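Feature list, courtesy of TrEMBL:
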ACT_SITE  CYS119  active site
ACT_SITE  HIS252  active site
ACT_SITE  ASN282  active site
DOMAIN    113-190  domain 'Beta-ketoacyl-[acyl-carrier-protein] synthase III N-terminal'
DOMAIN    236-324  domain 'Beta-ketoacyl-[acyl-carrier-protein] synthase III C-terminal'
REGION    253-257  region 'ACP-binding'
Amino acid sequence: MNKYSRITGTGSYLPPRRVTNADLAAELAATGIETSDQWIVERTGIHSRYFAAPDVTSSDLGAQAARNALEAAGRNADEIDLIIVATSTPDMVFPSAACILQNKLGIAGCAAFDVQAVCSGFVYALTIADAMIRTGSASKALVIGAEVFSRILDFTDRTTCVLFGDGAGAVVLEASDTPGILATDLHADGKHVGILCVPGTVSGGKILGDPLLKMDGQAVFKLAIGVLEDAARATLTKAGRTEADIDWLIPHQANIRIMQGTARKLKMSLDKLIVTVNEHGNTSAASIPLALDASVRSGKIKKGDTLMLEGVGGGFTWGAVLLDF
Ligand code: UT7
């Protein structure tokens with residue numbers, strides 16, 4: 001048994017092709033779809049996103065993020081005894097992106113599996129890794145969020161295709177005598193399956209149903225703000241802390257209006273809100289570790305800071321992780 005788990009290194013990776021709103025608007029205009037930089041910025045806060053090349057997979061992006069996290073933690077890949085990849089865009093139906101990524105890191109033998117909780121995937125994965133470390137099933141974990149959402153976008157649907165991007169973020173989570181992760185809180189409500197889904201699948205060698213993303217943006221928007229507040233408050237109660245103890249709020253990076261609304265509900269200054277959605281759009285399970293790593297590397301987040309990580313997305317799923325960094 002270990003007392004706590006603690007993040008000892010962060011990393012991230014974005015594919016090289018940066019697509020600004022103006023670039024995307026021009027590409028869409030060529031196919032008769034009308035959008036604008038002004039609409040995207042005003043409604044979402046997004047200015048750009050990154051798209052991976054067609055032959056680049058989630059495990060490719062995730063492996064690079066993992067290497068960067070290992071370097072930051074001062075660990076070698078062969079010291080890792082657990083790999084969890086949060087993704088809804090895995091390389092294959094099976095095996096998991098985690099197994100493929102393990103091989104890319106040049107290691108073998110440790111447990112490796114994927115978690116599929118869409119945009120809440122990283123907080124789900126971190127919660128599982130924390131539990132496995134505290135029960136003694138693992139001592140040094142790689143927890144990764146990696147996505148190539150560009151593969152499941154319908155570029156004839158302007159209400160969704162301007163929102164998402166590709167990328168990966170990772171943390172090394174280790175057994176520790178000091179916290180670390182203070183409290184976690186996970187939820188799902190499957191009756192909302194239809195408001196955010198990719199309803200297709202592979203069957204009998206054919207695609208069955210529609211394999212592209214569908215979203216009722218307004219329904220997701222309304223649900224998101226309420227559940228993000230509830231999950232944050234639940235972790236604070238469990239940890240015996242208050243909103244005033246939070247140094248940085250890192251919500252899922254989907255829409256600046258949802259993120260600011262959540263901060264206001266928690267009576268937090270917007271100065272404490274970590275925002276990277278402007279740069280990389282909504283990268284689903286990768287968005288929280290991407291935002292975390294960017295803020296650690298820029299010097300904003302420092303060792304000892306208290307962080308509130310919050311995910312929300314398809315399922316419907318939501319959850320939070322409160323931790324001392
Ligand atoms: O990652 C999982 C979590 N996902 C989210 O958190 C997403 C949550 N939802 C949202 O972020 C917002 O609902 C959206 C950004 C998706 C949409 O913003 P909105 O303020 O709810 O816009 P809307 O859907 O009410 O659309 C307003 C107008 C509509 O035109 P009319 O009917 O008023 O004439 C849309 O057709 O904006 C139009 N529109 C666009 N116009 C230009 C929708 N998409 C676009 C576009 N460019 N890309």
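Numbers run from 1 along the shown chain.
Yeah, the Cβs are placed from backbone N, Cα and C, and that goes for glycine too.
Please treat TrEMBL annotations as automatic predictions, because they have not gone through curation.
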Using Cα coordinates, what distance in whole Å links HIS252 (active site) and CYS119 (active site)?
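Between the alpha carbons of HIS252 (active site) and CYS119 (active site) there are 7 Å.
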How far is it from CYS119 (active site) to ASN282 (active site), counting Cα to Cα, in Å?
9
Measure from the Cβ of ASN282 (active site) and count the other Cβ atoms within 10 Å, all protein chains considered.
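For ASN282 (active site), the 10 Å Cβ neighbour count is 23.
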In the region 'ACP-binding' (253-257), how many residues does DSSP assign to helix, to strand and to coil?
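Split into helix, strand and coil, the region 'ACP-binding' (253-257) gives 2 helix, 0 strand, 3 coil.
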Quick one: what's DSSP say for ASN282 (active site), helix, strand or coil?
strand
In DSSP terms, helix, strand or coil for CYS119 (active site)?
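The residue in question, CYS119 (active site), is helix (DSSP, three-state).
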Could you find out if DSSP has HIS252 (active site) as helix, strand or coil?
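The residue in question, HIS252 (active site), is coil (DSSP, three-state).
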Around CYS119 (active site), how many other CB atoms lie within 10 A of its CB?
32
Would you report the average pLDDT that the model assigns to the domain 'Beta-ketoacyl-[acyl-carrier-protein] synthase III C-terminal' (236-324)?
98
Applying a 10 Å Cβ distance cut-off over all chains shown, what neighbour count does HIS252 (active site) have?
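HIS252 (active site): 30 neighbouring Cβ atoms within 10 Å.
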